[in-house]
Every structure is written in C-alpha cells, then in structure tokens.
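Below you'll find the structure, written out as structure tokens, and then a few comments.
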Amino acid sequence: MAISPLPPQSPSTATAASDSAVKFRAAQSSANPQGNTSSPLITHSTDRELTEQLNDDVRHKYIKDKKLGEGTYAVVYLGHLRADASSFVAIKKIKVNAEYKDGLSMDAIREVKYLQELSHPNIIALHDVFSSKDQNLNLVLEYLPRGDLEMLIKDGNIHYGAADVKAWMGMLARGVWFCHENFILHRDIKPNNLLIATDGEVKLADFGLARSFADPYLNMTHQVITRWYRPPELLYGARQYSGAVDIWSMGMVFAELLLRVPFVAGNSDLDQISKVCEAFGTPTEDNWPGVTRLPNYIPADKNHIVPIQGRDFFFRQFPTAGPVGADLLMSMCTLDPRKRSTARQVLQHTWWFTEPRPTNKEDLPKKSDGIQKMGNDLTRRGGDIDDNTFKNAARQLDFNAKH
Amino acid sequence: MPPSRESMQNRGDEDEVCPVCKSSRYLNPDMQFLINPECYHKMCESCVDRIFSSGPANCPVAGCHKTLRKNRFRKQTFEDINVEREVDIRRRVMQILNRREEEFDSKRAWDDFLEQREEIIANLVHGTDVAKTEADLQKYAQENMRSIRANQALEAQEASSFQARQTEEQELARLRREAVRQEYENERRELLAGREDVLSRLAAGRPGDAATIAREGQKVLLKKSSARRSEEDRIRQKQAALRNSDARKAGQAGITAADKAGDAGDTGLIKGLKRIKTPEPEKPYDPFGGMVPDKRDYYTLRDFYPSSYLDPIRQDTRMQAGGYDLREYYSRTLLEAFAGLGCFIDEEVSEREAANTNTVATEGAAIAAASTGPAGSA
C-alpha cells in the first residue's frame, strides 16, 4: 500500500526456510541438481510446482502447539517459529465449509486480502498464509495473549478510569484511521474484536467483514456490523456509505467503555432503530436531509419524536469522559453520517490533549488469562453477538429516566 | 592539639577553677564551663560574656591565637576534650559525606566509601594532611550540594517517621490493653447477667423446666461470647491491614525521595556511585502515533472535480443520506494514481538484503519470480 510507512512485522527470522525454494530452483537450473545440500527440508521430487514448494517452506517455518479455540468457521492454534521456540504466533485454520463448495469462504478471503495490506501497530499483523493438507487455508497471525476489551469491560474486578479509556480509544482510533486512510472499511468494530497485545497495545482484529470503499457505482451490503454497534444509515438499509459507519461503532465502543454495558442494545434490527432514536433523537428531514429516501426507512411516530440530544445530554450520561470527551462522543454519534466526525477529525480532537493524559500502554489494566479469549475471538464469524451475557445488563438502561 | 588537662580533671568539683579568670566553683557554685570548637579551650560563662560580648576576639589562653566568636561557645558533652573534638569532626564529615548505601553500585564500593570516610576523619583528628583533606572536603561539598541536601532531608524524614512509628506502636499497645480489659469486663458482666436471668426464670418457671432453662442459659452465653469474638477478630484484622498500608506508604515515599537524590555521577572524591539516569521528559501525546495526516507528496486534493461521470451521484440524495462522500472517491483515485511514485524497489530490496534479518515469504516469492525468468529460458 502506498502510504504504509512501517516495515512488515513478521517475526520470521528463518531466512533459510523461505529461501530454500529459490535456492532449489537455482540449483535446478545449474548443472548439478544433487549438490543442493543447503536446504535439508527439500526432499521432494524435482517436478513439484514452485508455488507448492514455497507453500511448504512457509508451512515448515511454524509449528502448531495446541488448540486455542474452535468455532464453526475456523480453528485457532497456538504456534511458534521452528527457528525460535519463544516467538509465538496464532495460526487460524479456516475450515473447509459445506457452504462454499466451490472455494473459500468470503470472510477468509477478505481477511487475507486486507490484512496483508495493512501494517500498523494497532492492527493485528498477518505474518504468513499457507495451505495445509486438503487445501485448508492457514493464516499466521500475531499472538495477542491478553484477551480483548470486552473481557476488561465485563470484569467487575478490573477498575479503570478516564485516562485508560482515553488510551484505548486512542489506539482504536489510530487503527481505524489507518484502515480508512487506506480505503478499507472494517465493518465489525466491537469490544471483542479489539484484542490486546502483551505490551497493552490494542489491535483491531477480525477483518472478515472488511472491504474497500469509495467506489461510487458499487453497492455495498447493509447487513454488516454487529447490531449494537450498527449505525442508523445501515439500519435504514443504505447501500452506499462511507467510513462514518466505523466511526459510529467506535462511538458505541467509547460509550460502552465508559458505562461498562452496551449503550444501545436492541433485540432485533427494528428494536435497535427505536432504541437509537430514543437515545440520540429521531432522524427527520431537518436533522438528516434525505433520510426518508433510504430504502428501509421507517417513518417515526409523529407523537413520539425525540429531539436531537445536545451536548449536556452526553455530559450527563457520560460524566467520566468530561465535557470535552462528551463533545467527542457526540461528534462520533451524530445521526447524519455526513455530519459525523471522520477518523482524522476524531484524532484531531482536543480531548487527546486535555487532562488526564492517556495512560501509557504498559500501565493499562490487564488480565492474564486472555489466551483462551483470543482463541474464541478469532474463530467467531463476523457480525455475530456471541453470547447473551449482556442481555440483563442492557435492560437496566432506561432512557426515559431523564424526563 | 588542645592542651592536656589531666591535672585538672583529677581534682574534685569544689576546686574546679576557670583557667582564664581563676574563679573557683567554691566561690561561684553556678559556674558553667563552655568550650569553642575552634580551639577547645575551656572557660567559664562569665569570661565568655566578658571577652566576646563586644564581638570576636582572640582566645584568652596564653599561646592560642585563634579568633573566637561568642555564638560558637557551647557546653562540653564529653569529659575528655579529645573525644569531644573527634565527635565534632566526625559529625561535620558525616554531614558532608552523607552518601547512602543504595547510591552505590556494589557492596564493595559502599565499603570502600566507608573506609575512605574513616580515613578522612582520622586525618582531621590526628592532624595529618589537614590542609589537603579540608580542601577535598570543601570541593566535594560544593560540587554535591544538592545530593547532600537531599540525603539530609531523607535522613530527617527517616528519623521523624521512626519517631512516628514508635509513638504509634505505643498507642496501639495501649489500645490493645484497653480493649482486653474492656473485653474482660464485658464478659464478666454478661456472665453475671446471664446467671441472674437463669435464676429469675427458674424462680418463675415450673419445677420440670429447671434443666432446660439451665441448658438454654448456658447456650445463650456461649453464643454471645463467640459472636463477640468474631467481631473482635474482624476489628483486629482491619487494624492490621491499616497498619500495613501505612507502612507501605511510608516505604514508597522513601524510595521516591531516594530516586530524586543524586545529581552528579562519579565525583573526584567518591568512586563507585551508581550512574543516575535522569528520566527523559515525557513527550506530548501524539494521537496519530507518529504518522502525519494528509501528507501528500505529489498532489493536492481539491474539494471539487468536474466530471460528468460523477454528476448523477452529486444529485442522488439517497446516496448522500447514506453518508457516501465523493471526497473519499477523489482522494482514493488520486492516491491510487500516484501510488508507487518515489518507491524504488531495487534499493529497498538491496538494503533489506544487506540487513539480512527479516525475510518475509512474499519477498522470497518476489525473488523467486525474478529468478524463474532466466531459469525458464535456460
């Protein structure tokens, strides 16, 4: 990608393995093919395809240790480099699914396509891709043993404050900004897709729903993003949208970090729309020109129109963020996607410079037993709400209480 | 060296005579002797008042030409004037050379420092090399003013916290005694009350109930005492926890102060001090994590580009309402048009090979692809 300034983060120091195919080929072209003693791994017949050879080299660089998690879509193993037993990786093996008889699942293709382009500290690194026997696709991903943000939000024993939230949001915003800067929509931002590395860095993971954007004559699906984090334009069925959808999800994650329960948690898409309207105000032609022309627009009840919530509503709901933080949250949760902040505007907000200063990533609160969680996170299919643990918590939020 | 006064010390109190004015204790029972650490010559209070009230003057003892000031005169602590002098010197040197063990690299360095300090003290006491030693000491004191002062503050703090701990412990012991006494008293009172209760119930009840009432009374007492005990345990645990946290706080304060202490590293006089690294000042938070937003080398982005291809979109309110933004399209198109300019893969590859640390599989593929050409033609 043109503006990726960072070097690839591959942990692979095993130069011998990846070069062996090349050497092999070179040796083949020279007079004496038997003289190739420098690559002991290559014991196959000489007429094998070069691509197969390369694939084997990559495969041999890693050793699978144990299974971390299994879902309907993928199995995740803990692995390490053959050359260095202390450098861990997560190997995500995509299952050959009955649904996709003729090829690979879309999620796997998207994940490989976009992750191999993106190299940023706040985006999970894809080190290698190889296929194992019976043409299974294996993604070698960065090993992130500290679990995810959802785990921290739910754990009542963990206490965190405004500075910690600011640090997490900063890392999330940087990751999202980098995706958008490279014209990739993530389309599934939620706390359990935000994994935490050993040093506390938050990494955007699960690019199974990602796609590139900004093509004017290509419709996109509106059936993306986990419901609680889905912006109103997608709920109304918009087929052309922009990076603003990810910003809404980010705003929801921000609110969830502050409240420690999902802010707007609907049981169905319709319920989600009504909850969003109740929380942030009813979309009308005045505050969102053209909203009535969106495909799945549902006319609001004339007697029950909630006015757009102002700054003081956000400040009252989220006192921990402070007035400046509430302002940022409001700019991320604007109903009209054109008025919503872009990722760059989010990062340029003054909140990052007001007190308290974001916690250093090493000092952020953390849990140690996150390996299992990573296994579960990586095997999940995009867009699903994985369990119902939040169901009761969400009901406690009563938006009518303010009247 | 001060003059020897053994002859005087052997005499009784009654006959003690001021060496300056020759008045004796016999005539003046309130007589107090004072010394001055300049020369350690002893004289009585009235002499000091008489001679030095109008400003500094020479020592009245014959042959001693030291200039003395009144405010330096003080009472003698030790009978032996030599001990008195050594203690003074020791105190002064210790105040200057007040490095602490945690400031040294190793135990060995610390021991060396202690030895060196003793040597300096001995030099000053016995008058060997006084001028040079003094000069060294003064130089060190000037150079390490800050660390000396910090260590002094630390010492004072330790002393005061020790004091505080002592009083606290005493207070706690007193409270414990009080509590135990109270407890005993309560128990006794309850026992009596219980007994009385049982008696009154026995008096009121029918004859058959006697055994049951007695048993019940016993049970009630037991229950009460066990409840009380658990309550007391709880309070005691709380107190212990409180004490611990206080102690920890004190410890932390000490550590931070020690961190702040040193300034200069190795000075001429003392060897083996730990290198003190000053913490780098915290950089301001960068929300973009070191990257520059909107950095475009080859083009500038405009807000509007006329194009009939895009005109229908500009009119499509439905697309606009969904958040579709043509500026993103402009920016992407221009980025893709100019992507790769200024990237010189040859140079990058050769650089990477020179470094020869990280080889990625895709790179291997690239080289392989390059080498298949000649291989195929060969």
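Including glycine, each Cβ sits where the backbone N, Cα and C put it.
The model shown is predicted, which means the values in this text are computed figures rather than measured ones.
Annotated active site, proton acceptor per TrEMBL: A:D188, in sequence order. TrEMBL lists A:L68, A:G69, A:E70, A:G71, A:T72, A:Y73, A:A74, A:V75, A:V76, A:K92, A:K93 with the feature ATP binding site. Taken from TrEMBL, the feature compositional bias 'Pro residues' covers A:1-10. Per TrEMBL, compositional bias 'Low complexity' is recorded for A:11-21. Residues or ranges marked as compositional bias 'Polar residues' by TrEMBL: A:27-44. Annotation comment: TrEMBL describes A:358-370 as compositional bias 'Basic and acidic residues'. Annotation source TrEMBL lists domain 'Protein kinase' at A:62-352. The region 'Disordered' annotation in TrEMBL covers A:1-48, A:358-387.
Overlay of TrEMBL annotations on the structure.
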residue : record                       : CB count, 10 Å
A:L68   : ATP binding site             : 24
A:E70   : ATP binding site             : 15
A:T72   : ATP binding site             : 11
A:A74   : ATP binding site             : 26
A:V76   : ATP binding site             : 23
A:K93   : ATP binding site             : 19
A:D188  : active site, proton acceptor : 26
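A distance of 20 Å separates the Cα atom of A:E70 (ATP binding site) from that of the residue listed as 'active site, proton acceptor'.
Same-chain residues that are not part of A:L68, A:G69, A:E70, A:G71, A:T72, A:Y73, A:A74, A:V75, A:V76, A:K92, A:K93 yet have a Cβ within 8 Å of the Cβ center of the ATP site turn out to be A:K95, A:G375, A:L378, A:T379. For the pair formed by A:K93 (ATP binding site) and A:D188 (active site, proton acceptor), distance between Cα atoms is given as 20 Å, rounded to the nearest Å. The two recorded residues, A:D188 (active site, proton acceptor) and A:V76 (ATP binding site), have Cα atoms 20 Å apart.
The domain 'Protein kinase' (A:62-352) scores a mean pLDDT of 89 in the predicted structure. Largest Cα-Cα distance over the residues recorded as binding ATP, namely A:L68, A:G69, A:E70, A:G71, A:T72, A:Y73, A:A74, A:V75, A:V76, A:K92, A:K93, equals 14 Å.
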